[in-house]
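Taken straight from TrEMBL:
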type   : residues : note
DOMAIN : 54-197   : domain 'SIS'
DOMAIN : 240-302  : domain 'CBS'
DOMAIN : 308-361  : domain 'CBS'
SITE   : Lys72    : site 'Catalytically relevant'
SITE   : Glu124   : site 'Catalytically relevant'
SITE   : Glu165   : site 'Catalytically relevant'
SITE   : His206   : site 'Catalytically relevant'
Amino acid sequence: MGSLSLSFTDPQHPEMNISSQKLDKTHLLNLFKCQQNYLNHFFQNLDISQTLAFTEALLKAEGTIFFSGVGKSGFVAQKISQTLVSLGIKSGFLSPVDALHGDIGILSAEDLLVLFSKSGNSEELLKLAPCARAKGVYLVSVTSVAPNGLTRMCDLNVHLPLERELCPFDLAPVTSTAIQMVFGDTVAIALMGARNLSKEEYASNHPAGRIGKCLIFKFNVALMAVLSYFSRVGVVKDVMKKKDELPVCREQDLIMDLLVELTSKGCGCLLVINDDYHLLGTFTDGDLRRTLKASGEGIFKLTVGEMCNRNPRTIGPEAMAVEAMQKMESPPSPVQFLPVINDENIVIGIVTLHGLVSAGL
């Protein structure tokens, strides 16, 4: 396979000219910069009054908020509808073709229908709009070309400013669909705030996903048992490594004598303990690399105790597994493991990120 060779010249947009040149790093960077400029044009010229009216219309809708569109705009309409559903808002996608063959029966006078279209002149939407209006539906157009046929048929019109498509021929809908998606998702988040959606409510709409597991475990104790049942992940002691699986060492041990222990247990670390199994610190494979870089041959004389982290993050055996994951991911930087200690600071296990993911969290 060879390099892609393109040919196009546009005197009004020289930055897009790619006449007989191979696709390379510079050209790719220019494309991203062009797209950024076109998106900036959208942000700088969007009519906020229209956007506010649109958002308020969605917020006040008494029935279901339906979205429709053709082609790429149709895919965007489906995605935005799904986002609203995940927020607990009654929404759905209505195919304009299927609507004209019976599916329009789902519409009622309490509903709102949002029509996404770049041109506003898609034949399927122009046929759908009067049929939906006849059922008393509130119609909204979201378009980028003005004037157009849809704006004359709808109760509310939103114009999404489009300088041009990134496509060198200004034809492929890539910039227009990007601004449609940005517009729809931003309005969805505005609705999220206006409806005072709580984290618990949002999580309840994602019971099988990681979002729901994390939020519900943290904010809704009553649902912990349910999620633990479905994910098969309960408390830390159920998923931790223990006894002979633990990568332990003493602080006086030489670093270079512990390479097998560091790598063979699959934890990416050593737990530094004393003779009573009290945790003194941790030493990771990252610590090994940093020590080798800083000390060179001096590493052969260094002990683990000299280079270990004396204040590692830890967790108790009765903590929820999801708490362990949250603790691993918390600032200032994520870690891949947590020593499990009891009330007397005695090491009884270790829980790893890989272990939690493998268990289904």
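Quick reminder: no glycine exception, Cβ is built from N, Cα and C everywhere.
No curator has checked TrEMBL annotations; they are predicted automatically.
The two recorded residues, Glu165 (site 'Catalytically relevant') and Glu124 (site 'Catalytically relevant'), show a Cα separation of 23 Å. Per-residue pLDDT, averaged across the domain 'CBS' (308-361), gives 90. Long-range Cβ neighbours of Lys72 (site 'Catalytically relevant') (same chain, at least 6 residues apart, Cβ-Cβ under 8 Å): Pro173, Ser176, Thr177. For Glu165 (site 'Catalytically relevant'), other Cβ atoms within 10 Å of its Cβ number 20.
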